[in-house]
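Report on the following structure.
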């Protein structure tokens, strides 16, 4: 139990919660500028959240506990994930419990809660969005697990801090074929899991194409604010996971206040850079037809599987 | 070059080699398939180059240069020429809207759909690893440990050859098979004698030339390069 360790966990949760709307705002701003629009500014998602939180809570007639619990559950699971994943420091009091399987399960719990809420609302769009979300989730979860397993073979542990600490000590591990394949697979999986462009369009309100938006159509007021915040936090956590697993430079590995401060600055910079790059890339992409999405995800699953076989056989230990 | 760098670069070349085979399976556009095949040639040429540097053998580097020219230059050039003669230029002009017939430039309907063929490629890779296990145990060096990659590309090439419908996609499948055989030879035995390698290369060039002529003939006779149209006999 060290002071910097506890501070690191608190800082991770605080940065992810406060920074997620800012990251979303930054990505929208980058996109707007590239499309020749002025954009609403980086703080706009926070202003939206404030507006929604001031409204009166209201739920549709006939909805049950699944609908009411889902927004809180989504935010809570994401906050716990933010505490577990080593964004700032690998030496934290919760580090021993930060297993890959647990992290993926927590993220899946949030997805399932939201899908159940979509079904619970009883509307056609809610059910349709939920069924699409589950189709995508069923293909994405194994890919995330396999991609991180490929990196856990050289570290000989599925503990995330151990994987990240090993990668900090031996950067050569990341330039191996296994590391590169796993990066590509995890990047596709993150795009699908957060509902970004080739899989789902985050800006659409066209009924026939939306996935995430269809499930949350019935939410209003503070509940909608929580759902929005949860989605933005998931994006931040998954982008952060991608940076800390594949670009782990700057993450503190010991109990030191100075290293923690550096790690905080580096984490913010890395995530903002990745988010801006993603937003810039999205300008040039079109959304895939829904029936082509399994193809993309099967491809990323294959990349993850190749990463596992390559890291098992080529390294040959 | 130190032992560690050699192993790492060899692994990287093998990874890129296998990845290119998978991407061929993933693509539908024939021009993209040919481009990926050319990139795979770079990875294949890197194998004898690295082996030659490591074992200080000049002739392997010469073989690497030959393979590089043949598989990243000549063969893709021939295939691109065949493709250009197959795909008619888009009709534009007064009275016509922009019309383009893309049916010959796309592998629109493979016998096995793309998602299923990607999963099959995963199974084939695992099969290659299982089959090559005893061979690797005979002499565990970095090159022999990468042996399954060659076998996997061979199997994937055979799969492309048997499930794609367009004649040109099948030619790429045949060449993938050949790339896999060449890679296996380099990884297992540090290459075959130069004369055999030359013979195989000429064989491949001739095969591609004959197939190119055959494809163009098919196109003029049937108006398509869909192999399924060759099932029935005509007089």
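Note that Cβ sites are derived from N, Cα and C of the backbone, with glycine treated the same way.
The transmembrane segment annotation in TrEMBL covers A:6-27 (among others).
Under the heading transmembrane segment, TrEMBL lists A:100-122 (among others).
Below 8 angstroms of C-beta separation, residues 100-101, 104, 108, 111-112, 115, 160, 163, 166-167, 170, 173, 178-179, 181-183, 185-186, 188-190, 192-193, 199-200, 211, 245, 293-294, 297-298, 300-301, 303-305, 307-308, 310-312, 315 of the same chain, each at least six residues beyond the ends of the transmembrane segment (A:134-154), sit close to that stretch. Positions annotated as transmembrane segment by TrEMBL: A:134-154 (among others).
The feature transmembrane segment is assigned by TrEMBL to A:174-192 (among others). Listed as Cβ neighbours of the transmembrane segment (A:174-192) (distance under 8 Å, sequence separation of 6 or more from its ends, same chain) are residues 136, 139-140, 143-144, 146-148, 150-151, 153-154, 167, 198-200, 238-239, 241-242, 245-246, 278, 293, 296-297, 299-301, 303-304, 306-308, 310-311, 314-315.
Annotated transmembrane segment per TrEMBL: A:235-251 (among others), in sequence order.
Look at TrEMBL and you will find A:257-284 (among others) tagged as transmembrane segment.
Residues or ranges marked as transmembrane segment by TrEMBL: A:296-314 (among others).
Using a cut-off of 8 Å between Cβ atoms, the transmembrane segment (A:235-251) and the transmembrane segment (A:6-27) share at least three residue pairs, counting only pairs 6 or more apart in sequence.
It is A:257-284 that, among the stretches A:100-122, A:257-284, A:296-314, forms the most Cβ pairs under 8 Å with the transmembrane segment (A:6-27).
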